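Taken verbatim from TrEMBL:
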type	residues	note
BINDING	SER34, HIS92, GLY168, PHE169, GLY170, GLY171, ASP201, GLY202, GLY203, GLY223, SER224	substrate binding site
BINDING	HIS59, ASP61, HIS92, ASP201	divalent metal cation binding site
ACT_SITE	ASP61	active site, proton acceptor
ACT_SITE	ASP201	active site, proton donor
Amino acid sequence: MIIISFYMRSLKTDKSINLKHNQTEEDMNCLSPSILSADYSILGEQLKQLDEAGAQYVHIDVMDGSFVPSISIGLPVIKTIRKCTERMFDVHLMIDEPVRYIDDFATAGADIITVHAEACKHLDRTIEAIKEKGILAGVALNPATPLSAIEYVLPKVDMVLIMTVNPGFGGQKLIPYTVDKVRDLKALLEKTANKADIEVDGGVNLENVETLLAAGANIIVAGSAVFSGDIEENVKGFLNIMM
């Protein structure tokens, strides 16, 4: 299986491009390390380690202290680290009414913007606002939010993010029933011939990633399991299982 290591940003507005770096192979799996678990005093160095190990995306969690209890990084950090890597910036907005900031995050360098269905008064319009910027649109669901909440917008999104923990904190254990939710989403997408990617985020490690892949996930977010210990070895450990 061929992986294109670096995202061609000049192709970003091509409607044919997808989360698999313009690959046509449907079953390609990609790793999106979450920098929520990174050491920010050496973040540039750690991003380089992710590059060298072969991670395809960088997952960036943005939290506002309202939609979720925690507060994390924002636009200035994203703008700065955009200079450090050409990897896909997978920006996960855990903020209320994210439509207000779509332009800002797109300008800062996001390649994918994912918003929570629970955080949007007008989810359809928010997704349209993302697509209008020529970037990829994702929609996220908290563990207990049913798939029916996004069924009508599925034709418009490039990716669905299933939270496998309650959002807002790193280092949590995966909630077992979310595996069934991933499986149900995969069946729903196949039933409607929808090619959207399925991303999972929360409590993912080398012990449970195969279960998530088997359920239908193909974009894997991992934080603590990547950044605790030897980053390059951890990334390679995931990729050996995923490829």
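Each Cβ is built from the backbone N, Cα and C atoms, and glycine gets one as well.
Just so you know, TrEMBL annotations are computer predictions that nobody has curated.
Structure with TrEMBL features highlighted.
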residue : record                             : CB count, 10 Å
SER34   : substrate binding site             : 24
HIS59   : divalent metal cation binding site : 28
ASP61   : divalent metal cation binding site : 23
HIS92   : divalent metal cation binding site : 28
GLY168  : substrate binding site             : 17
ASP201  : substrate binding site             : 28
GLY203  : substrate binding site             : 23
SER224  : substrate binding site             : 17
Pairwise CA distance, ASP201 (substrate binding site) versus ASP61 (divalent metal cation binding site), rounded so that it is a whole Å: 10
Cα-to-Cα gap, HIS59 (divalent metal cation binding site) vs GLY203 (substrate binding site), nearest whole Å: 14
Euclidean distance between Cα atoms of HIS92 (divalent metal cation binding site) and GLY168 (substrate binding site), Å: 11
Three-state secondary structure, which DSSP defines for SER224 (substrate binding site): helix
HIS92 (divalent metal cation binding site) and SER34 (substrate binding site), Cα-Cα, nearest whole angstrom: 10
Cβ within 8 Å of the mean position of the Cβ atoms of HIS59, ASP61, HIS92, ASP201: remaining residues of the chain near divalent metal cation: SER32, SER34, LEU36, ILE60, ASP90, MET94, THR114, LEU161, VAL221
Alpha-carbon spacing, HIS92 (divalent metal cation binding site) to GLY203 (substrate binding site), which is rounded to whole Å: 16
